[in-house]
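Per TrEMBL, domain 'HTH myb-type' is recorded for A:9-65, A:66-116. Residues annotated as domain 'Myb-like' in TrEMBL: A:9-61, A:62-112. The feature region 'Disordered' is assigned by TrEMBL to A:193-224. Among the features that TrEMBL reports, compositional bias 'Low complexity' is placed at A:197-214. Feature annotation from TrEMBL assigns compositional bias 'Polar residues' to A:215-224.
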Amino acid sequence: MGRPPCCDKIGVKKGPWTPEEDIMLVSYVQEHGPGNWRAVPSNTGLRRCSKSCRLRWTNYLRPGIKRGSFTDHEEKMIVQLQGLLGNKWAAIASYLPERTDNDIKNYWNTHLKKKLKKLQSGDSCLSGAGELFPAMLSKGQWERRLQTDISTAKQALHDALSSETADKSFAGATPYASSTENIARLLKQWMNEKPNSHNNNNNKSQCSSSTSNNRTAVDSSCSD
DNA sequence: AAGAAGTGCAACCGCCAACCG
DNA sequence: ACGGTTGGCGGTTGCACTTCT
């Protein structure tokens, strides 16, 4: 007997999420809390797989997600933790609470892997190689730095959690964004770009809209 | 200016482990 | 103890966007 599919494949929508879907998901989660993802599609009317809902929430809509480019410190943390833990992205992400495992995985695959490859092929133009890649440090140095970085990350986690509970409006003052903020930004951008998509209102235009919204949001949050 | 190639990232897929009756 | 269900994770893909020729 084969494994049953996680959801009914017939009638399940795939592809990029629209702002309307995001709003439905966020309002549901805000009311009921995350969890019981199985019930989300039926309760919200979303024609999405439960997994897709969970993924969208954890990787994009969840409050406290920091978007935009990675800092040097984050980069170092990822490299060091990857060296220590391997491709355990969820474990690595637990040390960088404002980043999702998917983000870290993407960043590793698209940026850091290449950097490492360059370094290993003897490209000397990259300064600070030892700082970034622990294999180039002595074990003792590397362990001391890792300890320091983990402590810093733990402190950051503590700060992030306490500020979240203490002040729900923290999103405006920090690079972190609440889900409401995320949605608001998406919607704003989407409305701005809607005239263009009217001519071509298919899946791809939604994707383009959604993706570019995201990029714009990232850019604007960076420039802030 | 236009097409090709490269890049970045959101989302999907399949497997695994924990949970529950 | 066991089997089914669900959530979580890591690998991979698809496609929009950017840069190069």
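Cβ atoms here come from the backbone N, Cα and C positions, even for glycine.
Per-residue confidence over the domain 'HTH myb-type' (A:9-65) averages 87 (mean pLDDT, predicted model).
Taking H, G and I as helix, E and B as strand and the rest as coil, DSSP gives the domain 'Myb-like' (A:9-61) the counts 34 helix, 0 strand, 19 coil.
For the domain 'HTH myb-type' (A:66-116), residue counts in helix, strand and coil come to 37 helix, 1 strand, 13 coil, using DSSP.
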